[in-house]
Amino acid sequence: MMRPAAQQYVVTRPLYSEESFAQDHEKIYRHRKTMLDHVKQYFTCDAKRAKNTALSLLPVIGWMKAYRFKEWLLGDIVSGVSTGLVAVLQGLAYCLLASLPPWYGLFSAFFPVIIYFFLGTSRHISVGPFPVLCLMIGSAVTRLVPDEGPAFNITGFEGLTRDEQRVLVASSVTFLAGIMQLAMGVLQVGFVVMYLSDTLVSGFTTAAAIHILVSQLKFVLGLEVPGISGPLSLIYTLEIIFNKITSTNVCDVVISIVIMVVVFIVKEINDRFKSKLPVPIPIEVIMTVIACGVSYAFDFKTRYGIDVVGYIPKGYEAPVAPNPQIFQETAVEAFPIAIVGFAVAFSVAKVYSIKHDYTIDGNQELIAFGVSNIFGASFRSFAASTALSRSAVQESTGGKTQVAGLLSAVIVMIVTLAIGFLLEPLPKSVLGAVIIINLKGSLMQFREIPYLWRRDKADCVRPHKLSVLIKTIFACHVCLFVCFSPRCSLLANIRGTDIYKDRKDYINIYEPEGVKIFRIPSPIFFANIEFFRNKLVEAVGFNPLRVLRKRNKALRMIRKLLKKGKLQWTSIGFLNTSCGPINESEDESNMEELDQPTDFKDFPARIDWNAELPANIVVPRVEIHSLVLDFAAVSFLDISGLKGLKALLKELIRVEVEVYIVACDPYILEKLHDCSFFDDEVQSSMFYLTLHDAMLHILEKHPEPTQKKSDYEKVKKRVTVHHPPGSLRSRDRNVGISLKLCFSLFMVFEK
C-alpha cells in the first residue's frame, strides 16, 4: 500500500471569515437547556422515576430478582465461608493498627457488611477493615488517648478504662466520617473520587504502608513501644525500637519469620498458578490455625513471654452514642478517612464491575458506606472500606453477589458468639507478620517513582504529605483550573471544503459510512479520562471491551463445539451437526484471557463478526471500521490519562476498529514516545498531521461501494512515483475513486 506521504492534494475553496462561513452554510438551531430547565427536570417526579429512585436506593432488589440460585448459590456459599475466615483474621490483625483491643475488629467485619448487602452496588467487594483506614483511626485514637500520659479532657471519659476511651474515640470518628459520606452521597458528589489521581493514591498508600510496617515491628520483635502520633512520629518510633532492640523476644521473631516466609511463598504460588488452582490457598488462615494450636500446646505466653490476643468476650455490646466533643476534636481526621475509605472501595469495586460487566453508582456507594459506618459505629466498630486481598478471595473463590458477603458476616458472627475463645492463644506477632506480608503490593509501588520522575516530573512530585485532605484540596484546584467535563462532539465534513464541524450544527454535511470523528476539546488527565471514555463509548455506540469479551467467549465456545464434533467447517462456513439447538453457556473461567486479542490460529478462516454466527451465538455488531480522534485542543496529557488512553486504543484495535489521532501537539507526541506508549498494537503510524489527511487516507483504504456512489464527479488523481536521483520517472494514471466527501473541488496534482 502506498504511504500517504507519497501523494499530494490541493484544496480549492473560498477564503472564509466566521461571518462569511455562517452566511454560506446554514446552521441548525438547537434549543439548549437553561439552568432553570435542569432544575425543573431534577425535581420532576412521576411513578417511573419514583420506582427507579427506590431501586437505586436499595440495589439489592434489582440483583436479587435476577439471582440464579442453581448457578450462583454454591459459589456464593464457598466464597462466603472462605472470605469469612479471612475476615476474622484480618479483623483481629488490622485492629492492632487502630490501637484497639483485637476483638473489636470482628465488629467491623460484621455490622458494615450487613448494611452494604442492602445498599451497595458492587457485587464482589468484601466490606470491612482496611489497613490504611485503621492506621488513620489509630492516629486519632493515640492522639486523644496516648499510651503514656493523661487523655484529652473530654466529657464522657470519666469512669472509663483506657481501652474503653479509645473505643469511644474510634467509634465517634467513624460515626462522623459516616455522616460526611452520607451527606456527600445525598448531595450527589460521588465525582469527588475522580479528583484523586492514580499517582496520588499510590503515593499515599505507599507512605501509609511504611507507617504500617513500622507500627508492626513492635509485635514482630516482641517489644513494648508506646503509640506516638504527630509529626515525625515514624522517626521517634524507630528510635525507640532501635534503643530497645536488645530486648527482642526471639520466639516472636522466629514465629514472624516463619509465617512471613511461608505466606510469601504460597502467595507467589497462588499468583503463578491461579489459572490452574480451583481456589487460592488460604495460607493466612492455615498458618494462623497452626500458630494458634502450637501456641496453646506449648504455652508460649508463659514459657516464652510472648504477647497473645488474650481474652475475647462472647457476644456483642450494647449500642453507644457518639461523643459530640470528639467530633470537634477529630473533624480534620474524619474527612480524609471518609474520602480515602470511599476512594479505595470505589476503585476496587470499579475493577470488578469492569471485569464482570455491570455498573456501579458512585453516589450510591457513598450512601452505602455512610450508613454502614454510622450503623457500625453505634455498635463500636471502626471505619470500614474494603481490602483488595479480601475482595480477591471473595471473587476468586466463586462469589457472584453480596450473598457471599452476607455469609462471610455469618462466619464472623459465629466466631464472635461461639468459638472466639479458640483464638485467645494466638500470638500478636502472627497478626503483625500477616499485616506486613500483605503490604507487598503497596511497597512495590516504590518502583514507579523512577518511571514517574523520568516521564512526568509534575505528576511525580504532586504533594504526598501528611494527609489526604491537603492532597485533595490541591488536586481539586488543579482540576478546576484546567477543566473537568468539557463538551465532546462528533464532527462531520462541510461539503466542498476541508472543514469539519459539529454534525449537530449544520445541514450540508457529509459523514462517510463506517467512520466516526470524535473531538476531544480539552487536556486529558486523571480527573476526566473516565469521562472521555464514557463519552467515546456513547458516541461510537458500543463498548469495545464488552464486544471483545463476547468475541473471545464465542471463540472459546466454537472451539469446544468443533472439538466435540457438533460443528464442522465447510467451504460455505460453519455447519451445525448436532440434532438440536446449542445453548450458549456462561463460562467465566480465565476471565483475563477474554481481554486479549482474538486468536484465530487454529481456525481455517477468520470469522466475520457482523455475519450470522453458528450455535445460537450472539455477539454485538461493530458498525464502524475507522475512528478518528481530533487532538487539536488537547494541550496536556498526564500519566493517568496516558494509561487510560492506551487501554482504550487497545480495546478498539482488538475489535478491528482502525484508530487515527490527528492534529496532536508535538509536545504530547514526544511525551508518548518517552513513556513507551507505542507497541505492536498501538503504533505511531496512527498519528496524522491533519484531520483531512486522515480522512483522505481512510476513504482511499475503504472506498464507498459502487451502488452507494453519489452524484459527485469522480476525481482525477495523479500519483507520482519517486525514484533515486537521476532516474526519476512519472506515471500518470486516471483512477476513478468516489471520495463522496464533496471532494469534487479537491484536485490532486502531480508534484
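Cβ coordinates come from backbone N, Cα and C, glycine included.
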From 73-97, 648-672, the residue range that TrEMBL assigns the feature transmembrane segment: 73-97
Residue numbers, six or more beyond the limits of the transmembrane segment (403-423), whose CB comes under 8 Å of its CB atoms: 67, 72-73, 75-77, 79-81, 83-85, 87-88, 91-92, 103, 106-107, 109-110, 113-114, 116-117, 125-127, 292, 309, 312-316, 394
Cβ contacts under 8 Å made by the transmembrane segment (241-265) with residues that lie 6+ beyond its boundaries: 214, 217-225, 283-284, 287, 291, 300, 304-307, 427, 429-430, 432-434, 436-437, 440
Residue numbers, six or more beyond the limits of the transmembrane segment (73-97), whose CB comes under 8 Å of its CB atoms: 103-106, 108-109, 126, 128-131, 134-135, 137-138, 212, 215-216, 219, 279, 282, 284-285, 288, 309, 382, 387, 389-390, 393-395, 397-401, 403-412, 415, 423, 426, 428, 431-432, 434-435
Contact ranking winner - 103-120, 166-193, 334-354 against the transmembrane segment (200-221), Cβ under 8 Å: 334-354
For the transmembrane segment (103-120), sequence-distant contacts whose Cβ falls under 8 Å of one of its Cβ atoms, 6 or more beyond its ends: 57-60, 87-88, 90-95, 126-129, 167, 170, 312-313, 316, 364-365, 367-369, 371-373, 375-376, 379-384, 402, 405-406, 408-409, 412-413, 415-416, 420
